[in-house]
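Have a look at the structure below before the remarks.
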Amino acid sequence: MATVSTGSLIFIVKKNSPMMSKLVFFWQNREKEFRDFGGFSEKSVYFCDTIDNRKRLILVVINREVLLMTFDAIDQLAVNTVRTLSMDAIQAANSGHPGLPMGAAPMAYVLWNHFMNINPKTSRNWSNRDRFILSAGHGSAMLYSLLHLAGYDLSVEDLKNFRQWGSKTPGHPEVNHTDGVEATTGPLGQGIANAVGMAMAEAHLAAKFNKPGFDIVDHYTFALNGDGDLMEGVSQEAASMAGHLKLGKLVLLYDSNDISLDGPTSMAFTEDVKGRFEAYGWQHILVKDGNDLEEIAAAIEAAKAETEKPTIIEVKTIIGFGAEKQGTSAVHGAPLGAEGIAFAKKAYQWTHQDFEVPAEVTERFAQGLQARGEKAEQAWNDLFAAYEAEYPELAAEYQKAFANEAAQVELEAHELGSSMASRVSSQQAIQQISEQVASFWGGSADLSASNNTMVKAETDFQPGHYEGRNVWFGVREFAMAAAMNGIALHGGTRVYGGTFFVFSNYLLPAVRMAALQNLPTVYVMTHDSIAVGEDGPTHEPIEQLASVRSMPNLNVIRPADGNETNAAWKRAIAETDRPTMLVLTRQNLPVLEGTKELAEDGLNKGAYILSEAKGDLEGILIATGSEVKLAMDTQEALEAEGIHVRVVSMPSQNIFDEQSAEYKESILPAAVTKRLAIEAGSSFGWAKYVGLAGKTLTIDTWGASAPGNRIFEEYGFTVANATELYKSL
């Protein structure tokens, strides 16, 4: 080994290393002394102070090889270009958040143009690209500036239309709307959990598909977050999970500027972030100067060198750097104004026009990000071609997994006379789907035994066994759902997650993001009504059905028996652009007459006639889930009195709403106004189906603690009460 003395620090290099010549080149004007030296760290970062009026150099020792990285005036110009494009876009819109882009531009630039392997020419089509998630989505102007400079399909004109109707540059990033955006992160904190999910997917697919000499899944997930993200509970849930899972290819860049919208974070956020993340099992790296490109680069290298822990790089920045009011909340969420922009540009020594990109900056991105990305993707294509020749079946499975095609499965029908809870029939469906869809995996928020989500004969997804298909999300409902979004966004798998339906309130913000992003995630929500019983009103859903049904682009399905549950799972696994929420019972449900033949087609229309009136149609009983059996029994009781009613099973209101007017009329004829809806949940939303002349047998108060059957009786879910209620129409 050998060392090079710089006057202040010792740099250790490997003798005859290819990097030695580069090292000598940088120090060619200085007398160099070499001597044998041993016992240094395998993974170390070394800094060199100014040498011969040169900028500070950085050396990173990874596995005893030395990497050199330097930055020059063009790099600084590129950083300032990101800043000025962001400021100009926000000013043109007269709306936006300039503080983060101005403060975080250096770390974002270093990451993008010097580290990330992405190819703007193929965008999100290359499965092994690095992923970047902007959890602090209010800093979208910075992301759009980077996307433009990187060469994605985003023009200067698009930047000028920031936050305008129909533009490619909405106020917060939206996947599938803006080229190159990886996730719609939405409210703060969720992007961190999305990144955790992406890193989980990478680890899972790598364990499943990689072979010696063929690391076809081998990429990093980077996320940029601020102080606000770390205050949110979902980020803490997700960070805890990531630390346990030892996701070494997950890197958070923390824009630590000590300012939130209301003012200094000292008013509300004073914890030891380093201590917290180290307790989670993360590596913490501090960058003291957020404008020091070399120090940022060293931190990213050190993060990539740590393979057993996720890394958070805390970068101390100045919010709104360069602005007259930098370092204050005044620059967080409002345009700087013409005078404010002029002040900042003067501080940057910016001599170019508004929205101008200097030619040398364009060239620097072409030589950096673009050239590196194209080379990396071509190398991967060559590797995959060889992999395909060596492992054709695995290669075909990999390609199929990323095609996001509708999965078709066959599920064993349930016979009349049998009885089981829909959560149990769901578990049987999960088992059968796992045997037919190799990319299918998931778990529960510490309720797998109750939600019945575990796949038998499969291993657990744990460190050292990332191939496992049973995921233990822990008591982290929000992080589970947000991580599922990241898993779905990554591609290559189909994921599900379960909890009690009453706990759905904990995860709805992430379900909303799934629906907004057209992600085919599946939520297994069990213990769906007051039939939960003894646990009492805190654990008995009432308003949840009405709440989730109001969410656009979410299939909410409450099946009546095992055959409807099968149909629900078939529908869910066939979806490619919409999440599905299955609402399932704790208590046993008998298989109903007719569902074996009618359920699949009927469920795919949202509602269907399960039992027709025996005479001239006088009225309609509409029910869902466990109450369909009550409707059938009520029909029989009314028939005994000479009253002829139809029973409509309506497992999914939203799917029914999407049917043609003709079909809806065939199920609920306008001329038939005597209608009774029966459901053990809120009445909210049922008026559109029963009309002004109809009634509901529902619950608009809280539940109680008692055996489930007794509660149903006390709340009027009996044949006698349903019969009298119908007759009162």
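Using N, Cα and C of the backbone, Cβ positions are placed for all residues, glycine too.
Some features that Swiss-Prot has for this protein:
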| type | residues | note |
| --- | --- | --- |
| BINDING | His97, His332, Arg423, Ser450, His527, Asp535, Arg586 | substrate binding site |
| SITE | His97 | site 'Important for catalytic activity' |
| BINDING | His138, Gly186, Pro187, Leu188, Gly228, Asn257, His332, Phe503 | thiamine diphosphate binding site |
| BINDING | Asp227, Asn257, Ile259 | Mg(2+) binding site |
| SITE | His332 | site 'Important for catalytic activity' |
| ACT_SITE | Glu477 | active site, proton donor |
Query raised in the report: If you draw a 10 Å sphere around the Cβ of Pro187 (thiamine diphosphate binding site), how many other Cβ atoms fall inside it, taking every protein chain shown into account?
Result: 18
Report summary line: Should one count Cβ atoms within 10 Å of each candidate's Cβ, the recorded positions Asp227, Glu477, Asp535 would be headed by Glu477
Report summary line: Neighbouring CB atoms within 10 angstroms of the CB of Leu188 (thiamine diphosphate binding site), all protein chains considered, total 22
Report task. Using C-alpha atoms only, work out the spacing between His138 (thiamine diphosphate binding site) and Arg423 (substrate binding site) and round it to an integer in Å. Result -> 40
Report summary line: Counting other C-beta atoms within 10 angstroms, the emptiest spot among the binding-site residues Asn257, Ser450 is Ser450
Query raised in the report: What subset of the binding-site residues Gly186, Arg423, Ser450, Arg586 lies within 10 angstroms of Asp227 (Mg(2+) binding site), using C-alpha positions?
Result: none
Query raised in the report: Taking only the recorded positions Pro187, Ile259, Glu477, which one has a CA atom nearest to the CA atom of His527 (substrate binding site)?
Result: Glu477
Query raised in the report: Greatest CA-CA distance (Å) over the residues His138, Gly186, Pro187, Leu188, Gly228, Asn257, His332, Phe503 that the record ties to thiamine diphosphate?
Result: 35
Report task. Whole-number Å only: compute the distance from the Cα of Gly186 (thiamine diphosphate binding site) to the Cα of His332 (substrate binding site). Result -> 17
Query raised in the report: In terms of DSSP three-state secondary structure, what is the assignment for Arg423 (substrate binding site)?
Result: helix
Report summary line: Other C-beta atoms within 10 angstroms of the C-beta of Ile259 (Mg(2+) binding site) total 28
Report task. Give the three-state DSSP assignment (helix, strand or coil) for Asp227 (Mg(2+) binding site). Result -> helix
Report summary line: Same-chain residues at least 6 apart in sequence with Cβ under 8 Å of the Cβ of His332 (substrate binding site), in sequence order, are His97, Gly99, Leu100, Ile259, Ser260, Leu261, Ile319, Gly320
